[in-house]
Amino acid sequence: MDSRELALASLMCDTGGPGELSVGHQQRRTKNWSFSLVVAALVGAFGSSFLYGYNLSVVNAPTPYIKAFYNETWYRRHGQPIDPDTLTLLWSVTVSIFAIGGLVGTLMVKMIGKFLGRKSTLLVNNGFAISAALLMACSLRAGTFEMLIVGRFIMGVDGGIALSALPMYLNEISPKEIRGSLGQVTAIFICIGVFSGQLLGLPELLGRESTWPYLFGVIIVPALVQLASLPFLPESPRYLLFEKHDEAGAMKAFQTFLGKADVSQELEEALAESRVQRNLRLVSVLELLRAPFVRWQVITVIVTMASYQLCGLNAIWFYTNSIFGKAGIPQDKIPYITLSTGGIETLAAIFSGLVIERLGRRPLLIGGFGLMALFFGTLTATLTLQDQAPWVPYLSIVCILAIIASFCSGPGGIPFILTGEFFQQSERPAAFIIAGTVNWLSNFVVGLLFPFIQKSLDSYCFLVFATICITGATYFYFVLPETKNKTHAEISQAFAKRNKAHPPEVKADSAMTEEKANSQTEPDSSSTLDSYGQNKIV
């Protein structure tokens with residue numbers, strides 16, 4: 001049986017009905033999950049996105065103790081209690097400076113990643129986490145609240161770098177069949193981090209006046225775990241091949257991550273893409289914004305990241321305690337009930353990771369934002385009518401949990417996956433800078449404006465977020481193509497009609513695909529690609 005007959009037999013065995021996963025496809029997906037791939041995802045996320053989620057929630061429990069520490073320090077320095085407005089300002093800076101640090105970290109990623117690579121960027125980033133943990137943990141003993149504020153800023157830098165470098169790393173080491181599931185690990189560990197911050201903040205653990213600095217000292221543990229584990233795993237094979245031109249290193253990396261010795265097919269696909277992009281330098285942010293053949297990809301990333309932050313989940317955390325209190329839950333029990341929100345987050349994110357390769361990115365994103373809009377509208381009604389019947393506050397609790405589950409089942413993780421899928425190797429760092437900038441600026445805007453929105457509209461503020469969710473879902477319905485199991489060339493082709501411009505590599509890849517389909521491989525095909533790459537202009 002020659003190669004053509006083997007290929008035909010393989011296709012026949014792999015054919016299934018619509019919506020079905022054939023036996024061959026299921027076996028390939030199972031084989032794609034190698035031990036090294038799983039370890040890279042878990043260790044990478046534990047030392048990166050976990051810390052981002054942890055730092056979102058860890059400041060909530062010790063808030064009164066930290067404010068008391070600020071007041072005591074001020075009194076010791078100035079001989080009088082701190083002015084309430086000054087205390088509010090200091091606390092606002094402590095919380096919001098995390099987002100400023102995140103923006104700074106995002107802008108640093110391209111520069112660091114170009115020289116160090118994806119894995120080494122994650123490793124170096126642990127230096128920020130460790131220094132931030134030491135500053136914040138020692139602030140009470142040193143009697144200097146500025147150490148806590150500076151530590152929060154540095155931790156933001158760590159988060160900004162992590163939320164760009166980690167999705168790039170996972171995107172580049174994963175086979176396309178499980179790219180979505182592996183990418184969702186980022187979101188899962190954000191949720192686990194939020195839950196861990198809530199759990200450790202309980203009074204029985206570290207949420208006491210004498211132990212709150214240890215809440216920040218814990219940050220050092222995931223950083224040390226990543227420092228001890230990640231060096232034993234390879235760098236991204238695509239980074240090695242595209243930017244370091246290390247074919248032997250890329251082959252070893254593919255073998256490690258795919259868990260097999262024969263990686264000739266994967267290497268040849270990457271080599272073909274590498275030849276097309278051989279003379280390409282890394283694209284700058286301005287060049288990416290101006291490039292006509294990725295215009296709608298950039299717009300979609302901006303809309304996705306803005307919707308991710310502006311959809312109102314932060315407002316939910318603001319209302320949780322008051323809604324639980326009005327439902328009759330004793331005040332001292334509310335922190336334990338609040339743990340349910342973190343648990344729901346984690347379970348919904350895991351669910352999304354399990355089904356994303358079956359349902360796709362598009363349905364989860366549109367459905368998630370659509371359900372959030374529905375439950376935001378319901379929550380507005382229940383908050384307005386909560387004094388009319390004793391059961392109405394409990395319905396508000398259900399709406400809160402439903403909003404959190406809707407967010408984490410799609411919108412909570414898919415934006416990071418799409419940013420990696422939309423762009424080729426030379427464009428990806430600039431794309432993550434754009435995505436990260438929109439993410440952190442939107443985060444800062446929400447923190448800045450939400451108190452004023454809430455004061456003006458009260459519970460009707462949720463209608464603002466419902467409108468944003470509907471707008472996002474509508475945009476994705478009309479613009480976003482499905483990217484599941486698609487190569488970069490296929491995704492670019494899906495956007496080409498809207499962009500009214502075809503990227504050159506799509507034509508090259510299409511020609512190569514056609515050659516493979518017709519089994520008419522030319523001996524000088526590589527030289528054709530070489531000459532094409534030399535004439536390519538970004």
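Backbone N, Cα and C define each Cβ position, glycine as well.
Those TrEMBL annotations? Automatic predictions, nothing curated.
Counting residues 6+ beyond its ends, the transmembrane segment (35-54) has Cβ neighbours under 8 Å at 122, 125-126, 129, 155, 158-159, 162-163, 165-166, 169-170, 173-174, 182, 185-197, 218-219, 222-223, 225-227, 229-230, 233-234, 256-259 in the same chain. Sequence annotations record features per position, and here TrEMBL assigns transmembrane segment to 35-54 (among others).
Look at TrEMBL and you will find 41-484 tagged as domain 'Major facilitator superfamily (MFS) profile'.
Under 8 Å from some Cβ of the transmembrane segment (89-109) lie the Cβ atoms of residues 55, 59, 63, 66-67, 70, 82, 121, 128, 145, 148-149, 152-165, 429, 432-433, 436-437, 439-441, 443-444, 447-448, all in the same chain and six or more residues away from its ends. According to TrEMBL, the transmembrane segment annotation covers 89-109 (among others).
The list of residues near the transmembrane segment (121-143) in space but at least 6 beyond its ends in sequence, with Cβ under 8 angstroms from a Cβ of it, reads 44, 47-48, 51, 69, 73, 76, 105, 109, 112-113, 150-152, 154-155, 157-158, 161-162, 165-166, 169, 212-214, 216-220, 222-224, 226-227, 230-231. The transmembrane segment annotation in TrEMBL covers 121-143 (among others).
Tertiary neighbourhood of the transmembrane segment (149-170): same-chain residues 40-41, 44-45, 47-49, 51-52, 55, 90, 93-95, 97-109, 112-113, 118-119, 121-122, 125-126, 128-129, 131-136, 139, 182-183, 185-186, 216, 219, 236, 416-417, 419-420, 428-429, 432-433, 435-436, 439-440, selected by CB-CB distance under 8 Å and a gap of 6+ residues from either end. Annotation source TrEMBL lists transmembrane segment at 149-170 (among others).
The feature transmembrane segment is assigned by TrEMBL to 182-200 (among others).
Positions annotated as transmembrane segment by TrEMBL: 212-233 (among others).
Taken from TrEMBL, the feature transmembrane segment applies to 298-319 (among others).
Annotated transmembrane segment per TrEMBL: 334-356 (among others), in sequence order.
Per TrEMBL, the feature transmembrane segment maps to 363-385 (among others).
Among the features that TrEMBL reports, transmembrane segment is placed at 391-418 (among others).
Within the chain carrying the transmembrane segment (430-453), a Cβ under 8 angstroms from the stretch's Cβ atoms is held by residues 95-96, 99-100, 102-103, 105-107, 109-110, 156, 160, 163-164, 167-168, 282-285, 287-289, 297-298, 301-302, 304-306, 308-310, 314-315, 318, 415-416, 419-420, 422-423, 461, 464, all 6 or more beyond its ends. The feature transmembrane segment is assigned by TrEMBL to 430-453 (among others).
What TrEMBL lists as transmembrane segment is 459-480 (among others). Outside the transmembrane segment (459-480) by six or more residues, the chain places 296, 299-300, 303-304, 307, 310-312, 315, 361-362, 365-366, 369-370, 372-373, 376-377, 379-380, 383-384, 411, 418, 450, 453, 498 with a CB less than 8 A from a CB of the stretch.
As annotated by TrEMBL, region 'Disordered' applies to 496-538.
Residues annotated as compositional bias 'Basic and acidic residues' in TrEMBL: 502-517.
Residues or ranges marked as compositional bias 'Polar residues' in TrEMBL: 518-538.
The transmembrane segment (334-356) makes no contact with the transmembrane segment (212-233): fewer than 3 of their CB pairs lie within 8 A, with pairs spaced 6 or more apart in sequence.
For the transmembrane segment (212-233), the residues of the chain that approach it from at least six positions outside its boundaries are 36, 39-40, 43-44, 46-48, 50-51, 54-55, 58, 61-62, 65-66, 119, 122-123, 126, 129-130, 132-134, 136-141, 148, 151, 155, 197, 200-201, 206, 256, judged by C-beta separation under 8 angstroms.
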